[in-house]
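S.K.: Take a look at this one; I'll ask things after.
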């Protein structure tokens, strides 16, 4: 028997509406791997086709994904003591924590829609480094709203051809992650070499 979680949720969205999308996004925000971007693209296509409605889909989707992200932030927060015991004496850990506190907002925002494979680790790091929750929430809301509107908009624009755009996005996400990693490495290399 072949069981595909994506098919289950997509069929559920057709039959039960935005609540199924919200459930999938909540679960994904907590760190359980589900194809959230696929579901958002399909939700946009379903909105265009009149299968589901825009307002409840957007509202429930945003609420669910932010709650899921907040849960993974809380997991990091409650692991803070363990992280401190494990890495507290490490100078690199303190440097990384200081950098995240200073520039974590942009990391939170960009990992919501541009480099999504790093979203859950970013939530955990934010929680475990003591990044203020209100600031996390503000960047998270902005990033997730961007994600929902951008990818839901693509699904809406492509309508019944949503599979084409999803395939293109899936194939380019590794490239985007590689470019971001390269730029990050160049940035840190430049900073190390410019310190006199």
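The chain as shown is numbered from 1 upward.
Just so it is clear, glycine is given a Cβ too, placed from its N, Cα and C backbone atoms.
It should be emphasised that the depicted structure is a prediction, and the values quoted were computed from it without experimental measurement.
The annotation domain 'VTT' is assigned in TrEMBL to 34-156. Feature annotation from TrEMBL assigns transmembrane segment to 20-47, 54-75, 106-125, 137-158, 164-189.
Describe the structural context of each listed feature in the structure shown, including burial, neighbouring residues and relevant distances.
M.R.: For the domain 'VTT' (34-156), the model's average pLDDT works out to 91.
For the transmembrane segment (106-125), the list of distant contacts is 31, 36-37, 69, 72-73, 75-76, 79, 100, 131, 136, 139-140, 142-144, 146-147, 150-151, 173, 176-177, 180: same-chain residues at least six beyond its ends, Cβ to Cβ under 8 Å.
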S.K.: Hey, which bits of the same chain come close to the transmembrane segment (137-158), Cβ under 8 Å, at least six residues off its ends?
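M.R.: Long-range Cβ neighbours of the transmembrane segment (137-158): 37, 40-48, 57-58, 61-62, 65-66, 69-70, 104-106, 108-113, 116, 164-165, 169.
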S.K.: Could you give the residue numbers and ranges of same-chain residues that sit at least 6 residues beyond the transmembrane segment (54-75) on either side and whose C-beta is under 8 angstroms from one of its C-beta atoms?
M.R.: 17-19, 21-23, 25-31, 36, 40, 43, 47, 119-120, 123-124, 126-127, 133, 136-137, 140-141, 144-145, 147-149, 152
S.K.: Counting only residues 6+ away from its ends, which parts of the chain sit with a Cβ under 8 Å from the transmembrane segment (20-47)?
M.R.: 5-6, 9-10, 12-14, 53-54, 57, 60-61, 63-72, 75, 116, 120, 147-148, 151-160, 162, 165-166, 169
